[in-house]
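Encoded as structure tokens, the structure appears first; notes follow it.
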Amino acid sequence: MERPELPIGLPDDIEEKKAAARNWFEGLRDTICASFEAIEDDLEGPLSDQEPGRFVAKDWSRENGAGGGGRMSMMEGRVFEKVGVHTSTVYGEFAPDFRAQIPGAKDDPRFWASGISLIAHPVNPNVPAVHMNTRMVVTTSRWFGGGADLTPVLSRRRTQEDEDSQLFHKAMEIACRNHAVADYDAYKTWCDEYFFLKHRNEARGIGGIFYDWLHSSEEAGGWDADFAFTRDVGRAFAMVYPKIVRSNFNKLWTEADRDEQLIRRGRYVEFNLLYDRGTIFGLKTGGNVESILSSLPPVVRWP
């Protein structure tokens, strides 16, 4: 989807809106971390004799005089081989070669951005990998973006008819249908197009939703409507993914399943380093490199 021209100008209470968004993202982070730790505690199948994982939080600040920072929350456990739930709030100026690509930054390079980003690589190949992020960006304009997508790593489960796929899609659809500013069909298509490895001519997973540059008019509800939708995307994810994990995490798997999982993880690496907009944005804005690249899986195999 082509980047639209967004209206220039910010509301008088933009600082209050920034604070509200940041508080939401950080609260969602804490909710998800607690939910994932509970999953670690409740495992009864393979590897249940190991100690359950716990998140380790690490705060970071931007260097070289740039503003803001964030918190990395990483866990390596018996259910989640590697999961990162990160929040950041950063501000400063875009580099000259990046300004024209960002709405409202061509003539004024100042920006502020806050968001949450999550990626989970489970141990059990029966449990799909997942990615979710939502964010608010302010230049001389303002907008929300984000989404969530599911990646089953076993080919027999990587279908639209699989119960995990249908459950995930339904949760994202409900989150969209409850908000007039959201367009589920467009966001689902956008996700399918975005999370596609062109060099392999294949999808990364089974999809989900993806949206960006969400800036609704005051007549349509404005910032409040956009923020309400973004919150519901986070809530939908926090409800549906733990349910999917719990329905699969006690199942047995084979060495062949593990091999297939590691090969599928390679597709994650390829996408994130070649195409991912969030990775590029983070590196271009002086983000925390360790946090940005923490989305990469811990063990990968290429055939």
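Yeah, the Cβs are placed from backbone N, Cα and C, and that goes for glycine too.
As annotated by Swiss-Prot, substrate binding site applies to Ser117, Asn133, Thr134, Arg135, Gly286, Gly287, Asn288. If you look up Swiss-Prot, you'll see His121, His131, His169, His199 marked as divalent metal cation binding site. Here Swiss-Prot flags His131 as active site, proton donor. Per Swiss-Prot, site 'Important for dimerization' is recorded for His199, and the stated evidence type is sequence analysis. Here Swiss-Prot flags 268-303 as region 'Important for dimerization'.
The maximal spread of the substrate binding site, taken as the longest Cα to Cα distance among Ser117, Asn133, Thr134, Arg135, Gly286, Gly287, Asn288, is 19 Å. Gly286 (substrate binding site) and His131 (divalent metal cation binding site) are 22 Å apart (CA-CA, integer value). Same-chain neighbours of the region 'Important for dimerization' (268-303): 60, 62-64, 66, 69-70, 72, 74, 76, 81-82, 84, 86, 88, 90, 92, 94-95, 98, 111, 113, 117, 119, 121, 129, 131, 133, 151, 194-195, 197-200, 204, 212, 259, 262, counting only residues six or more beyond its ends whose CB sits under 8 Å from a CB of the stretch. Between the binding-site residues His131, His199, His131 has the most other Cβ atoms inside 10 Å of its own Cβ, all protein chains included.
Thr134 (substrate binding site) and His121 (divalent metal cation binding site) have their C-alpha atoms 19 Å apart, to the nearest angstrom. With respect to His169 (divalent metal cation binding site), the closest of these binding-site residues in Cα terms is Ser117, chosen from Ser117, Gly286, Asn288. Of the binding-site residues His121, Arg135, His169, His121 has the largest number of other Cβ atoms within 10 Å of its own Cβ. Asn288 (substrate binding site) and His121 (divalent metal cation binding site) are 20 Å apart (CA-CA, integer value). Here the region 'Important for dimerization' (268-303) has a mean pLDDT of 87 out of 100. The number of other Cβ atoms within 10 Å of the Cβ belonging to Asn133 (substrate binding site), over all protein chains shown, comes to 22. Across the binding-site residues listed here (Gly286, Gly287), the residue whose Cβ sits among the most other Cβ atoms within 10 Å is Gly287.
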